[in-house]
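All remarks here apply to the structure that follows.
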Amino acid sequence: QNWAKFKEKHIRSTSSIDCNTIMDKAIYIVGGKCKERNTFIISSEDNVKAICSGVSPDRKELSTTSFKLNTCIRDSITPRPCPYHPSPDNNKICVKCEKQLPVHFVGIGKC
């Protein structure tokens, strides 16, 4: 995965996320099945990129500040469209950095 895909999958400028609509997009369908969960970072691209600024070599990095988050969690295994519910949070995030850019969302709160 690269920075462009990471942005598309995880960064949003607004916290008003309709999980049921957004999670039915092709990028969240894995092997023909609905993805179990996806975390959205409510922030500017520059703030998220800053996590990897100066990080060398490529590695996982924990943000020094907390981000507003919204995780869409699948309620049940059903045919598409799958039902999801939002789980808001405010926490540090761990991302995988490559060439000083976030390319993979690792987790919330720790690496």
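Cβ coordinates are placed from backbone N, Cα and C, and glycine is handled just like the others.
Here is what Swiss-Prot says about this protein:
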- Gln1: pyrrolidone carboxylic acid (MOD_RES)
- Lys5, Lys35, Glu36, Arg37, Asn38, Thr39, Lys60: substrate binding site (BINDING)
- His10: active site, proton acceptor (ACT_SITE)
- Cys19-Cys72: disulfide bond (DISULFID)
- Cys34-Cys82: disulfide bond (DISULFID)
- Cys52-Cys97: disulfide bond (DISULFID)
- Cys94-Cys111: disulfide bond (DISULFID)
- His104: active site, proton donor (ACT_SITE)
Listed recorded positions Lys5, His10, Asn38, filtered to Cα within 10 Å of Cys72 (disulfide bond): Asn38
C-beta crowding around Cys52 (disulfide bond), within 10 angstroms: 22
Spatial neighbour of Cys97 (disulfide bond) that is closest, considering only the recorded positions Glu36, Thr39, His104 and their CA atoms: His104
Around the Cβ of Cys34 (disulfide bond), the count of other Cβ atoms that are within 10 Å: 20
Cα proximity to Lys5 (substrate binding site), best match among recorded positions Cys34, Cys52, Cys82, His104, Cys111: His104
